[in-house]
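J.: As listed in TrEMBL for this protein:
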- B:1-25: region 'Disordered' (REGION)
- B:10-25: compositional bias 'Polar residues' (COMPBIAS)
- B:165-187: transmembrane segment (TRANSMEM)
- B:207-227: transmembrane segment (TRANSMEM)
- B:233-252: transmembrane segment (TRANSMEM)
- B:287-307: transmembrane segment (TRANSMEM)
- B:313-334: transmembrane segment (TRANSMEM)
- B:373-394: transmembrane segment (TRANSMEM)
- B:437-456: transmembrane segment (TRANSMEM)
- B:462-485: transmembrane segment (TRANSMEM)
- B:497-526: transmembrane segment (TRANSMEM)
- B:575-680: domain 'STAS' (DOMAIN)
């Protein structure tokens, strides 16, 4: 809204009527008053100098410096984002080599900045948080590996190396790194199209590791090239919808293990899954179902009832999954329920992460496809990690650098792909537990990683009798945290179009597939941008009564019209090929209507003679729109009206001048609406350029 | 640019310092002056009431009415564009049935509006123009039919029925309807992928007629649904590039006939065509080449030399093609050059347009594809017709209604598809001839159609010996008109990004294919809209010296900063998910830099305490951007600064209120930048909501 005051305008309207002597009297009176009170009178003195000032202002508008061209703009933005930081560091390295080295080390290894202040108290807290985290992490990791259609140990591997790397390079102090549900789902919904995990598990695993490598490379590249903004392309609303949809899909996938069904579809959409479940209902295993659902109730009740009622019992909620695993394993071992059809985890390969360098595939026919999946997974993983990291950083009052985070995530996943880990990122549920457990720094991640490593070395044999249904319960219990109904309600309240993107992501994921849901959300978000930018509307501006401001007459119902002039503003930010003709037509119709009304209502002097186009909100125009403006001026002229332009921005003014449009409207370009009214209606002196 | 005057602000800064009695004196002095001079003194009286006025203005900003929701907006726009015109007419029909009927007839048949004033003089001119038009139209139609890979008579058919229909329904008085080069090229480059015209010419023709039918249906539907703006989606720059590329491609295609080569590629891109010509160079027929090129020189020299030098000889340029046909036919007939390998037209089926209702195919496997091609052809044909129609309408000072034109074109092509015509539209070259020949109304089209019909009935046998090379010459001679180098230069000068779309369309058509060229141009045009709208930049605003306006400090290098405040504006129209985080970072960095400078340079009182975000240009925000603004306020607060918002637009204000953001910034929302500075810096009274 370009509200413009026009004190000078109104006052200058009467200046020509008063004879010089009186004006002098008045100015003398003012002067004496000012002297006596030692008051700033710039406003008043200006009022009396209006004709000169107005001329000077027109010069300001007309003689703007040339804006930077496309090439120089690209060059400077490249310099600013990539070269300058590097150059600064290199220069600094020459002058103060030690200081510079320290600052570079600080940049690459952010933990160095807090390690000086690290002490025993903090360490004790981190150990406690790390152990709590590990107790949640071990069952979740096994569960998510199953969700990603990998052997259980791959989930545990992913909870060892990536957290260690992140602890050295990442800047978040709260985030808990490891496998997460949504990424596991993404992998298991996209990669089986290339390799079937049931018939050829080794090829499938190799592909997963290759995708992990590519995801890491993309993430590191984004960080190095400072493309942090790419993460923002998944809008907040889209993420809310996507996460909720993914949670539902993951929940549906878990029904297989929970119900102990043997046959299950490979598709992820709700219709396929539900029909598949209905068809295989007769293979349901009641023991599996009873074990799984009773422990699910136990975990959920600790998490949503006990931990909320007694804040100090949060550790119980965090330990509940591990307790469930232990108790259910004992139960199955004692009752030998596995002989009654309860599926158990069986053998988990123990020991340290094996190297997987030889498993990466760069010459297979699927490499290009793997890179594409890697890109999608990289973006989704980054989006989740940065969203999690930022929200907890805000709570503790520190700030994350998106580019540095990306680099850390990238290095962590590249290293991970070489040591049998699949894509790791920041987990919503575990980060919350880490925060509640009172973690101080990323040391809690190191403690967790070491604990998981020890379990890998010594305890995998203990998990032989763990029922698969319990893993499903653990995953299911983490899902409600991904569904944010209150946020969806807020989005609905504030922005209906945003809600559309949110709902499209949700329904797309639920009814079609994970990729389609993502694509829909991104598509709708960008379509919204285009719609908003070229929305072909116009709004009439009016003077706010008793003041000298101009505002949208619908926004400010008290605004009044100026006799003889129609003041319009375009409702979009761009006047371009896609809306210029429509807007030209709208303005012309509006002007003709106003003219007719003016003729009917009152004397001829009030009929519209001037159409002022307020350009204050126009970011840019193109050649099509300049042609449309020329047409508009011609049409108005044949109907006895004139077009004037108020307040054009830099690039707009420059293009209008290049296109010789200023000559077409005889230089009727003004800094404010008020000046346009004054110059064209009051004094009738259409200034030539 | 939101330049804002703040007269009141500055004056109110001193008001609290003056004691009441003096203020009274001053206002009395003013009053007496006003009384004596009978002058409007609203400005001055207002100055003295500033505290009240300022409060009231904040109310204006804060208490805006609720903007219409998404649904009600859609409803009202649907009503406005579709229902209201209909309703008005129905209402009118009830009140004044005769008048309403006349107005409806006038709408459907625009010629009724000029037929009353039609007289013998005009009719004589129209006959002359129509005959001139026919002399150009007959050879061109045959040529374009060959270009579209149809038998020659289909071109002539297309010059009979469509012009007659258009003459009754169209509103342009100058446009010449018939087959055109670009549409013929489009058809012959897209349809052969479905049916081969050489091996199965009948199936190919059926498909062309089906595509024509679909194109007509789409055009009529666009007109009825008032989707006229769809034509604008091909930007001016894209059309310039596309036309030039198409002209080059058409020219290349004509080389086959001109050189008398027998083997030729089916592809249209320049590389395939040139290699194909090089390979078949040994089959070149020198007689064909000599006849074709000598008549090409004749036509071009009449058109570009004689007609330009002696304006009255334009009829010679218009007749030159027909003269060439007659002379070359005689030449071949007399010398029997066809026995020396000169290809001739041979038999053309004469007679009235046959019905082609039975040839339309709605059950074939290609129907869906035909509909898609129909849509593309419909849009390109409309774009050309409306561009041609508008430019000549502007010259004569009348206006075309895009929607009505679309309906007329649609009905004309549907009828055409039922009577053996392929897609017709307005031709650039023939419309110019029609205009130069002094046409008055669409009657010239009727005269032309009847002349073509008579030729079809009686003269087709005379064309038996017409060499094919002469048709190529006629098409080639029409091509320079499609290449507009000066317009391309103008686009380069005014808008580099527009030129990119233009160049992409040109190169895409030339080097890849017609569709890819179109797709590239549309893609770049829309990518430009997105880039412009989310461009993540900020600009610092400064006060213009000696005035009370705020402007971009780069656009107005004379602008100065305000001590203690940083005034910024976002360079894009939308603050949304795609740029909000980046902009948040930029504003924060800018504020921190300014603060550091302030601390170094001067006393503590000058350090930045207030960041004013001028929202006058923000069309819309979304939930992501509100979250970013909240983050920004938190970050600023931790650094001892405050965020204030100036001049939010309707929807922005509404969303800020819904999201409770106003509470977060303690109600620091102001109508102008000046008021924000005054309220927050001078008086330090942060107003609670």
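Using the three backbone atoms N, Cα and C, a Cβ is placed for every residue, glycine included.
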J.: Check the transmembrane segment (B:165-187) against the transmembrane segment (B:437-456) for contact, please; criterion is three or more CB pairs under 8 Å, pairs 6 or more apart in sequence.
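T.: Yes; at least 3 Cβ pairs under 8 Å.
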J.: Per DSSP, how many helix, strand and coil residues does the domain 'STAS' (B:575-680) have?
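T.: For the domain 'STAS' (B:575-680), the helix, strand and coil counts are 62 helix, 15 strand, 29 coil.
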J.: At a Cβ cut-off of 8 Å, and with pairs 6 or more apart in sequence only, do we get at least 3 pairs between the transmembrane segment (B:207-227) and the transmembrane segment (B:437-456), yes or no?
T.: no
J.: Within this structure, do the transmembrane segment (B:313-334) and the transmembrane segment (B:287-307) have 3 or more Cβ pairs under 8 angstroms, counting pairs 6 or more apart in sequence?
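T.: Answer yes, regions in contact.
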J.: Determine which recorded stretch among B:313-334, B:373-394, B:462-485 has the most C-beta pairs below 8 angstroms with the transmembrane segment (B:497-526).
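T.: The listed stretch sharing the most Cβ pairs with the transmembrane segment (B:497-526) is B:373-394.
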J.: Would you kindly list the residues that approach the transmembrane segment (B:462-485) from elsewhere in its chain, counting only those six or more residues past its ends and only Cβ-Cβ distances under 8 Å?
T.: 139-140, 142-144, 146-147, 152, 181-182, 240, 243-244, 246-248, 250-251, 254-258, 260, 288-289, 291-293, 295-296, 299-300, 303-304, 320-321, 324-325, 328-329, 332-333, 337-338, 342-348, 428-429, 432
J.: What mean pLDDT score does the domain 'STAS' (B:575-680) have in the model?
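T.: A mean pLDDT of 83 is what the predicted model shows over the domain 'STAS' (B:575-680).
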